[in-house]
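Here the structure is laid out as structure tokens; the discussion comes afterwards.
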Amino acid sequence: MRPTTLTRFLLEKQREPNSTCPPELRLLIETVARACKAINHAIAKGALGDVLGSLDSENVQGEVQKKLDVLANELLVDANEWGGHLAGMASEEMETIHPIPNRYPRGEYLLVYDPIDGSSNVDVNLSVGTIFSVLRAPEACAGREVREEDFLQPGTAQVAAGYAIYGPQTLLVLTIGSGVYEFTLDRELGAWIMTDGPMQIPSGNCEIAINMARRPQWAPEVVTFIDDRLTSGKGPCGRDYNMRWTASMVADVHRILKRGGVFLYPADHRTPGKARLRLLYEANPMSFLVEQAGGASIDGAGRIMEVTPVGLHQRVGLILGDKEQVAELRGAVPA
Ligand code: F6P
């Protein structure tokens, strides 16, 4: 059988009755996927391309920017600015939104992304990724430039989300609201070829992903949850759990999509509102993918995708993965 390319997959989705993939969205996703190929190329060059290491600058979160953070951000802006599908973009690496300049036509979508997730891993040759989320620009911004508040939509409003993972293989994992599909980059052909999907998170995997160094900031309910699993065999597996932490959310979530388990980065219960992961371009797109693959995603109190955003770079606690295991913490942990 002929392999299904990303282009063919999207075109067939576009032709379905009641399609969730109009032509503009298809072209937008293809543009993002093309930019991810360019990012992959830069990452793979590593020291030979002089792309490793940090710059003197900090991003809006006060984090030192890696050369690749800035480069990948520029590649995504350059690829998406002129296509006519977007009204604006926002990213981890830009303090405020990036409206489409007047010299280009404006489209009906908003693109929000983390150009290099887990970028501290890049200098040591571990997997990193690009996470993206697509929203519809509100009708109210027709005829005017987009504003920051136009981006502050809950995760349930996403029309597409995905990530590219730059690891031993380069993959694109995508949802347009009807299942999750994985595409592997065929480097010789330059094509994304479908290699899995619709993906379903396997249940009952006894693996947990959490940064144990943050234990002092966990709520007591999280401490009990982790201790039960790691040391007392009280979790649903009936034996001690294993732990995996890549410190690259894309890599950890990809493992969960493929073989199950739970990922936790809870908020700091000592300081209300203090958390690590960003809602709009990390938690929401990953939650959309995880839910579409049969899993669940919460901030502790409730469903991540129902959180009303109040800021572009807002952070949230995040617990996602195997539905049954996430359910144990739903409503139990302060958000
Ligand atoms: O900012 C995102 C991120 O790098 C994620 O990719 C990852 O899960 C997490 O932060 C790592 O955090 P820590 O440095 O606490 O392990």
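Including glycine, each Cβ sits where the backbone N, Cα and C put it.
Checking the candidates Glu92, Glu139, Glu145 against TrEMBL: the one annotated together with Asp114, Ile116 at the Mg(2+) 1 site is Glu92. Of the residues proposed, Glu282, Glu291, Glu306, the one TrEMBL records at the same Mg(2+) 2 site as Asp114, Asp117 is Glu282. The CA atom of Ser119 (substrate binding site) is located 12 Å away from the CA atom of Glu92 (Mg(2+) 1 binding site).
Using DSSP to sort the residues of the domain 'Fructose-1-6-bisphosphatase class 1 C-terminal' (202-330) gives these counts of helix, strand and coil: 51 helix, 21 strand, 57 coil.
Between the CA atoms of Ser120 (substrate binding site) and Asp114 (Mg(2+) 1 binding site) there is a gap of 13 Å, rounded to the nearest whole number. For Glu92 (Mg(2+) 1 binding site), the binding-site residues whose C-alpha atoms fall inside a 10 Å radius of its own C-alpha are Asp117, out of Asp117, Gly118, Asn211. Among the binding-site residues Ile116, Asp117, Gly118, Asn211, the residues whose Cβ lies under 6 Å from any atom of ligand 1 are, in sequence order, Asp117, Gly118, Asn211. Taking the mean position of the Cβ atoms of Asp114, Asp117, Glu282 as the Mg(2+) 2 site, the remaining same-chain residues with a Cβ inside 8 Å of that point are Glu92, Tyr113, Gly118, Gly129, Thr130, Ile131, Tyr163, Met249, Val250, Leu277, Arg278, Tyr281.
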